Amino acid sequence: MTTTHRGATDPIGADLLRLLKTLKLGALADTLPERAALARQHKLSHIGFLETLLADEVSRRESRSAALRATKAGLDPTMRFDTWTAHEDLRYDRTLLGDLTSLRFLDASPRSSSVPSA
């Protein structure tokens, strides 16, 4: 395998694409040229560049997983807390809503306690 220096927006070679797909990282090919250019621009180390690529992939997978879970649960994608506006005539328990959206109840759940050993 030979290594060549690529330009800022050079396409991904077939060998690299095959390797990425083998590792189930084929989606990285979509952003790799732009990320490589950004890494050169910011003079990132090899480890920094790799960390950026992997962080992108983790974020992509988490977003996709959340979207799939929301779809499976039948959630309306337009119903989101970050876009919700309370109307003055709407009555609801603001404290309860605050507790639910903060997820504080998870800290007190039995799942967070230690698992008994066998």
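Heads up, the Cβ atoms here are built off N, Cα and C, so glycines get one too.
Annotation comment: TrEMBL describes 20-108 as domain 'IstB-like ATP-binding'. Averaged across the domain 'IstB-like ATP-binding' (20-108), the predicted model reaches a pLDDT of 90.
Residue counts for the domain 'IstB-like ATP-binding' (20-108) by DSSP state, with H, G and I taken as helix and E and B as strand, are 60 helix, 0 strand, 29 coil.
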